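Here the structure is laid out as structure tokens; the discussion comes afterwards.
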Amino acid sequence: MATPKPRSGRSTSLREPGDNIRLTESEKIEGTGSWETLEWTKIEPAPRSVPEGLLGFLLEAEQVIVEGYGVVLVNTDEAGTLFVTNYRLLFLSEGSRNIIPLGTIPLATIEKFNKIAMKLPSAPRQSDRAPSRRLLQVIGKDMRIIVFGFRPRTKQRRAVFDALVRCTRPVSLWDLYAVSSRPSRFSNTNPTVRLLNEYFRLLGMVSCNASASSIEDGSYTVSNEWWRISAVNSTYTMCPTYPFALLVPKCISDEEVLQASTFRARCRLPVISWCHPGNGAVLARSSQPLVGLMMNMRSNADEKLVASLCTHLAGPKQPRRKLYIADARPRKNALANGAMGGGSESSSNYFQSEIVFFGIENIHAMRDSLSRLRDYLDTHGATSSDGMSSFLRHGGWTWGGGNLSSMSASVSTLGDTGWLIHVQNVLAGSAWIAARIALESASVLVHCSDGWDRTTQLISLANLLLDPYYRTFKGFQWVDCVSQLLRMYPFAFEFSSAFLVDFLDCVLSCRFGNFLCNSDKERQQSDIFDTSGCLWMYLADLRASEGSSHVHYNLFYEPSKHEGPLLPPAAALAPTLWPQFHLRWACPSEAQAGEVEAQCRSLAKKFSELQKAKEAAEMKAKEIAATTESLSAALQNEKQISSSAMNLAKRATKESAAIKRAIQSLGCKVHFSGSGDCTVNIESNQTEIPHKLIQSPSKRESDGNMMQNDDKSDLSVSITVIDEVDSNNPITKVCESLCPLRSRDGGCRWPDAGCAQLGSQFVGLKANFDAFDRLSIYDSYFRSE
């Protein structure tokens, strides 16, 4: 590595817990983000504040304790800001101010950490002045090894290291983030209620629902033909590490249960974990029997309890079913436990039983194997913690070989880790158990030394193989081996590999309280479920944001294809690395490369987008069709209005003609203009004009002008034709004065203005009668020639 080039200095900041934390987005570290660009010697003591943009990355109740600036993530040669919070190490890129996932790890996921000093290469004539790297190595339980580099003589590494010591080793349970962050919006449901509901399901009592009241009054101790729920451990006095309710054979009393518990290590007597709904076989678990060094100790209560697991097969004359006692340990380990009072059962002491040893190593051997696997991945990965990836692994590099100079290298081949052997043994043992129950209708009792770890793994996987319920989100438990089965049976599981990864991350991070403490009793005493969030609620909330398109859902899930048990053949139990979990930090590109599910999900997403576009286009077409129909209706309405207007115009024309004839019958001249106005000129003698006819228009007409001269002058009246219902219309007034059929309220009893014709006739007749009244008997009717 070349000698660092001097450039403008950057300030550093080191805050103690409780300092006010405020950061602005403009306060970003300069430089390109590599070791060469960092200035190791120049130190500016000016403090910096926490960026405001960090607040958007913090979880609820998450608080920053210490921060360091100018820190380099050696794995990727990227500079940024490292924060220690009460929940995690948080690493932000100096350029984008985004979280760098590789450098961000929950405190509970950290297995160990240590300080490392490494001498930097220097230019000629400056060998004595070259500073050394201040490194902090962090090893995670999630298969990553990350290294941070700090500026020398800034004391930032020491502050971060001390903060990690305090936060990763809490004094009490209440110092954990899962408890200190309360209250959480992902509230827990009562675990005792969930347990009882599962028991009801196994007993076939689908109509029963557990509640807090049923737990208080003890009414949950129900039973079916063979099995019952016992409250013998309700106060956790018999076995502190067992649940408060146990599923036991119906023929065994609580007194016999208490007696049998004394013959098993840690009082973990045989209890039922699963019942076959069809053939009546059961899967039970326990710890090793206390047979002693000579393997000759016996217990009548224990033998009776184990024998009662083998009920009669279906049918009145069928023999009792066979019992397999599956010891998860190697045979030599079981014999060695005899020196401490333990050991294994003898088939001669247990009715119709057969003892089988699976040869699975204990938890300590598995942890050591997982550690070697982590070292191997770091050695051969593309983001090795020795910082050589940027020099040796560019271009078309793929996982599987290369640099062997990692500071944590301890194995050279994948087989040397032994991890896949452990996975294969657990898978084979679970498949064997499931086959005995499904194919032979036999009952199986599983145990190891103390009845946890290997026993839990075997029981959980066997349940998952036997019962489709456990392959759903609601019924799941277990991880790496499940990913192997998910690879073999992609149609059988509702959840995807991404769900398993997120689930495991939540378990390792201790962000939620579901897996804290060692037993239900400890969780009840610590009130964990009321003071911490629920992992299952959190994962369900993630899925609810996107529905069935969320990455947690298995695209290939078809429960109808695997309604019964999964019984993988022995040849299929050849496990591989779990790419999404094992390789995601060491080889991010390889973790997703070639994953069929990811490709199908991408295609499904595109199809969904096209489907939405199609639906939007169809909706738009419907809207256009509706608009067109509305416009057509409006046009039709306009046509009707136009037709009605034309009819009204024709009617008005007829009425005008009738009025014209009526007025002309009085000896007047009428002229209609294009605007609808009409002018009436009366040329006859004023004395011959009816008084009402003259007075009525002159009173009502507001815009007309009446000119009156001598006896021979003309009388001009301007009349505006208005609708006949208007009371101010002069013609209407004339009509009212002349028509005897006009009602008092202004209505006309003649339809279709029939009064106009009648009115004209009436006016003519009245004029004739008036003229006749003025005739004298002496007047002649005919003039002489």
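Just so you know, glycine gets a Cβ as well, placed from its N, Cα and C.
The feature coiled coil, as given by TrEMBL for the ranges 96-123, 264-291, 600-627, sits at 600-627. Listed in sequence order, T241 are the same-chain residues six or more apart from W452 (substrate binding site) with CB atoms under 8 A from its CB. If you take the C-beta of D450 (substrate binding site) and look for same-chain residues 6 or more apart in sequence within under 8 angstroms, you find A265, R266, R268, S287, Q288. Rounded to the nearest whole angstrom, the C-alpha distance between C448 (active site, phosphocysteine intermediate) and R454 (substrate binding site) is 7. Per-residue confidence over the coiled coil (600-627) averages out at a pLDDT of 87. On its own chain, R454 (substrate binding site) has A328, R329, F358, I360, N362, I363, V426, C448 as residues at least 6 apart in sequence with a Cβ closer than 8 Å to its own Cβ.
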